[in-house]
């Protein structure tokens with residue numbers, strides 16, 4: 001059993017207040033959450049039932065023109081120039097007049113892009129010194145997991161973390177979120193983004209979202225463009241698929257009628273549309289994700305799945321995962337909507353506050369150096385049985 | 001209000017002082033000229049929506065001390081970036097000039113001795129002293 | 001195991017082939033039956049056929065509803081064919097103990113395999129390595145266990161020497177079969193198997209087995225893994241200098257994989 | 001920030017930033033000090049709070065590294081200034 | 001005549017007989033196309049398992065894929081061969097000029113009734129189609145070369 005009340009709230013209050021700052025990729029998020037101090041949390045395994053209240057959840061996304069990716073230095077500039085104003089907005093929304101009331105300021109320590117992470121932590125340190133509020137460094141993926149658990153109340157699900165920078169299948173055991181399977185090269189979000197770039201699909205609101213809409217519009221859903229299917233045991237690799245589908249996309253975009261797959265050899269009439277490519281890519285990539293997830297579920301014999309990370313908002317992925325879970329003794333899939341599955345500050349506050357309540361805070365700013373590589377299984381999960 | 005300043009020294013420059021002249025516009029803006037979005041994004045048609053925040057004013061409506069400091073720092077930073085970029089160009093040209101002399105001398109030698117292979121690599125081999 | 005899957009295979013096999021489900025993995029469901037897929041019944045009544053009729057294993061890859069039909073068909077065919085080929089090739093390697101492949105239907109993802117093993121005495125369950133080691137928990141370091149584990153290591157050594165990898169080498173995928181009086185270890189379930197010359201894949205195979213032994217028999221794991229490695233090394237040591245060098249590479253990578261804590265083998 | 005005197009870094013720049021109070025200068029030093037320099041052999045920075053002034057000494061192997069290093073640290077200093085300005 | 005059916009495909013019935021000391025092989029070879037049954041060189045068959053494994057494969061392919069030869073009987077001969085080369089399969093497993101032992105096989109829908117006299121055209125001594133009889137007649141070198 002676990003005591004989540006080990007570290008009490010400030011000046012005898014009966015609730016905790018935490019500020020969360022996220023900026024590991026192109027989304028800058030500020031969130032403020034509140035946990036009630038409840039006796040039941042003193043001796044239980046209820047870290048997914050904190051009765052967390054969201055006081056504010058503000059976010060600004062750095063978007064580049066269609067066909068362009070986002071570079072660390074421009075992303076960092078975006079975060080740096082918006083961070084202070086977003087914190088002010090969040091405090092206003094949360095109705096917090098005296099920020100020194102906060103129990104903790106939680107920031108994303110990693111993994112992610114170095115410069116954007118750093119631009120956020122400089123402000124976090126300054127706030128911590130000014131308000132005399134202790135800092136907590138949070139692993140970005142653990143943030144996603146704890147947010148998903150709290151929102152969906154899924155007790156001990158296998159977690160599929162799919163975003164621009166990560167693709168991992170994770171299961172909890174012995175105070176550690178173990179990585180059961182992962183991408184051997186690029187993350188799925190990255191694969192979708194680069195595919196969108198080749199086809200000049202807009203980045204607003206996100207390339208992945210636009211691919212999903214195009215896939216729905218695909219007219220002949222019964223015949224797929226055949227793509228490589230590269231699952232290797234519990235892991236998967238996507239660079240091969242990206243390379244192949246990218247070359248198809250280029251041929252399509254430049255009307256290269258010599259490509260037999262895309263254009264009829266005699267008439268030169270286009271056989272495959274952008275929608276078909278989007279549909280085939282999704283069916284292929286998501287089938288691989290569901291397969292490695294099912295393999296991990298069989299391994300730890302669980303029938304619950306939690307999908308976190310930006311790509312988790314994809315309804316088709318959720319559908320396919322749900323269909324798989326139904327066949328595994330009526331399991332369920334849990335997913336959160338874009339307020340939470342896309343990077344946000346609330347998830348960092350939630351995971352950070354759990355660390356804070358277990359007494360894990362930073363006392364020397366030297367421990368706040370951000371890191372691009374921060375594996376999910378390096379975190380000691382004290383708040384779970 | 002004392003002003004931020006900077007002093008630069010290098011093997012080629014005895015000393016160069018950077019001073020703030022509060023009356024000039026470049027020290028009264030938070031939006032520096034050398035800290036904008038990168039070139040490739042602008043070329044792709046990006047409209048910059050992420051400029052630094054405007055300076056803050058106190059109850060009397062004047063800029064706060066720290067807002068003034070931030071604007072002055074922004075100007076000073078532009079000065080330094082421009083100056084140092086210029087210094088980089090000087091160094092590069094000097095290196096190119098040396099490389100040209102080297103190349104010309106090489107070609108003359110080749111004519112004289114009837115050189116065998118081509119000596120392009122010689123230019124890269126020239127390390128910056 | 002969902003009833004839907006059982007109905008699916010029952011319809012495919014027809015009522016002439018009664019089936020008993022025994023396990024469901026992520027990808028395939030395993031049944032037993034005592035009806036041979038094609039041989040006339042009277043042909044197989046070999047003289048020492050004890051009371052239990054001979055049994056056969058049916059491994060079935062059900063249709064996955066979440067997958068697009070064309071992906072599902074292609075995958076099922078590719079993997080069923082792959083597993084059959086490996087089983088067929090391995091059964092031709094001298095000294096390597098694997099169950100015999102009887103029949104394959106790549107269009108419906110169904111493989112018939114020889115049934116090996118039996119129930120251990122005093123209801124210790126099926127005679128896979130995991131239960132066998134539990135059965136000897138009272139006398140963990142006895143000679144039988146040592147001999148068996150050395151043989152297990154020897155089997156893995158033979159597999160790797162011939163450049164095959166298992167891909168999911170857990171203690172439930174090593175089955176002990178009675179060959180005239182003593183237990184012989186057989187490797188089963190090559191669903192994730194592959195031909196591979198990579199020391200990485202071999203290192204991971206060994207690491208998965210080591211983790212499996214540690215997670216189910218932690219108190220005696222050190223000695224057990226040592227005996228397995230003894231058997232493993234004996235294969236390479238018999239192959240002269242080339243064998244020694246290859247073994248050194250595999251053992252080095254095995255060490256690296258162990259340090260990296262290759263997450264895939266994190267057994268619950 | 002421990003100084004790695006070792007190789008001589010001939011391109012130097014001294015930067016002086018007058019905060020309103022000594023506390024603000026100290027905050028700046030505390031906030032800026034933890035981050036390690038990616039290439040210590042090419043670039044080196046030292047922060048000192050002298051009263052309400054933040055004094056920063058930069059040393060670099062050449063103008064290019066100096067320009068990048070100085071500009072990015074000033075960006076961080078501007079963040080500190082903006083944060084204190086907004087929330088104190 | 002051995003009558004059997006594959007459990008999974010019980011809508012088919014299989015009839016097979018083994019003949020030894022066959023005299024009219026040459027004549028039978030000319031009639032191969034018109035015979036309502038397959039004639040297999042028994043010296044290439046070592047066991048009932050090998051024979052019925054081929055029958056199983058033939059029915060499987062015709063049910064779930066497609067017939068690659070004229071009919072089920074010829075498909076069985078093709079299924080005996082590890083390669084998919086039809087010509088080679090017939091050359092190796094079909095009856096040869098000098099074949100003495102012939103295994104006759106037919107696979108038909110169980111709605112048809114197969115008379116015992118189906119294979120009477122084969123002039124030879126019918127013996128029990130059993131593993132023992134097959135093993136004693138097998139000529140391993142014919143099989144060994146099969147790659």
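We count from 1, first residue shown onward.
Keep in mind that glycine also has a Cβ here, set from the backbone N, Cα and C atoms.
Taken from TrEMBL, the feature domain 'Gcp-like' applies to A:54-349. For the domain 'Gcp-like' (A:54-349), the predicted model reports an average pLDDT of 92.
Within 10 Å of the C-beta of residue A:161 (divalent metal cation binding site) there are 27 other C-beta atoms, taking all protein chains into account. The divalent metal cation binding site feature in TrEMBL is assigned to A:140, A:144, A:161, A:343.
Spatially close to residue A:163 (substrate binding site) yet at least six residues away along the chain are A:25, A:144, A:187, A:188, A:189, A:309, A:310, A:311, A:312, A:343, judged by Cβ distances under 8 angstroms. Taken from TrEMBL, the feature substrate binding site covers A:161, A:162, A:163, A:164, A:165, A:193, A:208, A:212, A:314.
Local packing around the Cβ, expressed as the count of other Cβ atoms within 10 angstroms, is greatest for A:144 among the binding-site residues A:140, A:144. Under the DSSP three-state reduction, residue A:343 (divalent metal cation binding site) is assigned to coil, being neither helix nor strand. Non-local neighbourhood of residue A:165 (substrate binding site): A:24, A:25, A:111, A:112, A:113, A:187, A:189, A:190, each in the same chain, at least six residues away, with C-beta under 8 Å from its C-beta. According to DSSP, residue A:161 (divalent metal cation binding site) is assigned to a strand segment. Non-local contacts of residue A:314 (substrate binding site) by the CB criterion (under 8 A, 6+ apart in sequence, same chain) comprise A:208, A:212, A:282, A:286. DSSP gives residue A:208 (substrate binding site) a helix state. Counting Cβ atoms from all protein chains shown, residue A:208 (substrate binding site) has 26 others lying within 10 Å of its own Cβ.
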